[in-house]
Amino acid sequence: MGATTRALFLSCFHGGGGFEVSHRLALRPRYPSMPRRPKGAAAAGGSGGRGGGDLEAAAVAGNEEEEKVATFSVSGMTCAACAGSVEKAVKRLPGIHDAAVDVLGGRAQENRITEAIEDVGFEAKLIDEEVMEKNILLCRLHIKGMACKYCTSTVEFVLQTSPGVQRASVALATEEAEIRYDRRIVSATQLIQAVEETGFEAILVTTGEDRSRIDLKMDGVLDKRSLMMLESSVQALPGVENVKFDTELNKVTILYKPDQTGPRDLIEVIKSATSGLVNASIYLEADGRDQHRYREIKRYRQSFLWSLIFTIPIFLTSMVFMYIPWLKAGLEKKVFNMMSTGELLRWILSTPVQFVIGRKFYAGAYKAMCRGSPNMDVLIALGTNTAYFYSVYSVLRAATSDNYMSTDFFETSSMLISFILLGKYLEILAKGKTSEAIAKLMDLAPETATLLMYDHEGNVVGENEIDSRLIQKNDVIKVVPGGKVASDGFVIWGQSHVNESMITGESRPVAKRKGDTVIGGTVNENGVLHVRATFVGSESALAQIVRLVESAQMAKAPVQKFADQISRVFVPLVILFSLLTWLAWFAAGRLHSYPNSWIPPSMDSFQLALQFGISVMVIACPCALGLATPTAVMVATGVGASRGVLIKGGHALESAQKVDCIVFDKTGTLTIGKPVVVDTRLLKNMVLREFYDYAAAAEINSEHPLAKAIVEHAKKLHLEENHIWPEARDFISVTGHGVMAEVSDKSVIVGNKSFMLSSYINIPLEASEILIEEEEKARTGVIVAMDREVVGIISVSDPIKPNAHEVISYLKSMNVESIMVTGDNWGTANAIGKEVGIEKIIAEAKPEQKAEMVKELQLSGRTVAMVGDGINDSPALVSADVGLAIGAGTDVAIEAADIVLMKSNLEDVITAIDLSRKTFFRIRMNYVWALGYNVIGIPIAAGVLFPSTGFRLPPWVAGAAMAASSVSVVCWSLLLRYYKSPKIVGS
């Protein structure tokens, strides 16, 4: 029976059946892309088993590489086990991006994929292949008016079901939506319309395609003709993609390609096109989200202060002045029949609070009911309206009656609104502090930069101080001692030390000289540097880190599904319970089921029942449930980023706190990853410098770290700086084994023992003894053979990272088992394992075997983390429950990981796990508080304690408690800001 197989990617959907496989020299990241800096250029370095070592070279593909999707028909599959076999076989192939199998129908270079499927006993036939266009964008919207988790669920559902939307995530804590969409099917404008149809206001933060965007303010007289001329002039510039004018604000928004033009070019064109009549400058405007938050804080503060002006007199006339005889007499003076002065005064004062200051709750409730999703606003509107309109009824009845004694609850509705406004004000203030880490990151960039001016001969003729946002690609920036580097780039003149701790976490200043890369936002310590800008604006490492942290804060933790499920039914259930509470107390009063002494002197049984019903309605709080997880995740990801631990969202945090087993790669993870030659043993009579000339000539074409170590050592044997090595012909590199080439008149082979044996080269006994000796010293022996004879062995050592032993010991105290998996030989692996304190070791493992080992551990019930830095670690990083990539590793490893350790320190593995555990302790306590508050508060508000204790919760007190619950949850999460990493003995 045939079966259909399909690979489902975030960026691509296919109709029909088939087996789709995506090709690329990388694994698809589960999270937004990490910056390809600050490690300098994309590099080699990982692990793989060459020369007995597990370091491996890699060419990292650029941004412009294509993704391909191939669909195969696979016949012979009968069950899920068959599908699993096919999936596993295909995923093992190098270059496979992702593959998943769905046993539903009968369809699934491509010879290798076909052969892999056939090797596990099935037939495969290529159906079609599609080149995926880069049309998948990530849009961010700021959404105004969301009051609780029910609102976010509604918006998320509407966006998720929109055509062309692949994924939508809405966060209450940030009031933002992140939408992954296909721009061929839907536009950002249509997404905004979809949100606004649900009754919320949406503000575009970014469409995902305007990475290089600038807003310019135009000073001068602009008419219709000059605007048309400006638009055509700017549009004619190479690289300009879109021009949009806002005549009300005298602002122009331009989208452009930074490698073709830049902001200074745009300003110059505007000036020249208008003959100097119009000048353009950077439009000074705070971030849209910050602006909205400041406006919202101001609005709630003003609303609360205005409500106090009316509410305080209402409170005094109803609860304080009644105990002052001469004031009481004045308030009880009758105006119309039985309506008193105090009642009329409270009615007049409460009306603006109810309908003017509290109109936000009416608008929110109306929109919520229109979309069929009652929210917190509905509960507030129902509760306050019930109290207000019953009071109006009571007062009007007293005004038309000669004997009716009215009882009003105007203080209830006014005080409820005032306390809720205060709670919202404090909540927004607290939520703003959850994203302080992002603000601090953005503040690292300097405000100004010194631009160097050159003549045609390349001589510096002057310098000009400019806004750092006006830096263009290939500009040369002067950085003085103590100044901040204004842009990513590389040094073209000068030497200094740069403090990069704010970006990479590296505590020691890094030496910089001509050719070295620098990162924007870092601080120049001494010496003057001339830096050529390479990545500016949103392309910079700093901007990409900020984007990653923002996306991480949007990513939901699986535990949040619990709150989502409750929020769907919470408000309707509260309204129902409130009605039942009122009905039960009203019926009990009518049937005289409780003594009249229970009823307060100023009330009757109906009014008592009404107060209980209102209290139930306003004490219930779904907001606290909705904020329990996202606020903690936001603070934790920000705290992690400030400590050099980039956590890619709530899922990574939740998985990390469960980890009980960590698999470590060796090279670049437990060791520094920069091997050096420590000894050379010649087995034939020849000059040492000549020996290294041949070895270096063969290795110069290899990107392997061991090869680089050999070449660097060979350079030291020559006095000249740029020594020219003999020409190597017929160069062949065998990954994980070694290289061979024809150098001058000799055939040179450099590699490990297995490479020599596979090349039919005899290894003498002396050489074998040296290799064993080196393995026992935790060194790697690289064999050099010339003309099919072993002539020498080069000993290479990769020093163990500081505190590696202490880290492994501390993890053991946290009940986390450590395992080392390496492509290195058993002797070296055992020596390293013994030195750092790891007992379980797997050596001579290929990349796919590392991933298989992770899966085996998972099948045994373990929650596994993988720590690695190389391309060959990527399959294991993806397979693990949590992948931790060393920041100094390759781009592929970083993109495949869930957590990136920017400082490349092993201690940060402990920080990541400890921070995740403390975060989820906070989240659990948030849920205990939010649920416990509702579970305990609602029955008390319903009057369960009243018969036995006489304790009754007035509605205004219930409203204050409801407001306090949300604030307390946010504040509890904010305590994570004071997180301190565990102190490791010896660090």
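Glycine is no exception: its Cβ is also placed from the backbone N, Cα and C atoms.
On a predicted model such as this, the values are computed, not experimentally measured, just so you know.
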Among 413-430, 755-772, indicate the range for which TrEMBL gives the feature transmembrane segment.
413-430
If you check TrEMBL, which stretch out of 135-153, 344-362, 686-704 is marked transmembrane segment?
344-362
What residues in the same chain, six or more past the boundaries of the transmembrane segment (608-628), come closer than 8 Å to it by Cβ-Cβ distance?
147-150, 152, 172-173, 375-376, 379-380, 382-384, 386-387, 390, 409, 412, 416, 427, 431, 563, 566-567, 570-571, 574-575, 577-579, 581-586, 589, 598-600, 923, 926-927, 929-931, 933-934, 937-938, 941-943, 952-955, 957-959, 961-962, 965-966, 968-970, 973
Same-chain residue ranges lying at least 6 outside the transmembrane segment (344-362) that approach it to Cβ under 8 Å:
303, 306-307, 310-311, 313-314, 317-318, 331, 335, 377, 380-381, 384-385, 388, 391-392, 395, 408, 410-411, 413-414, 417-418, 420-421
Cβ-Cβ under 8 Å with the transmembrane segment (413-430): same-chain residues at least 6 beyond its ends:
293, 296-297, 300-301, 303-304, 307-308, 310-311, 314-315, 349-350, 353-354, 357-358, 361, 380, 383-385, 387-388, 391, 618, 623, 627, 955-956, 959-960, 962-964, 966-967, 970-971, 974
Mean per-residue pLDDT computed across the domain 'HMA' (212-278):
81
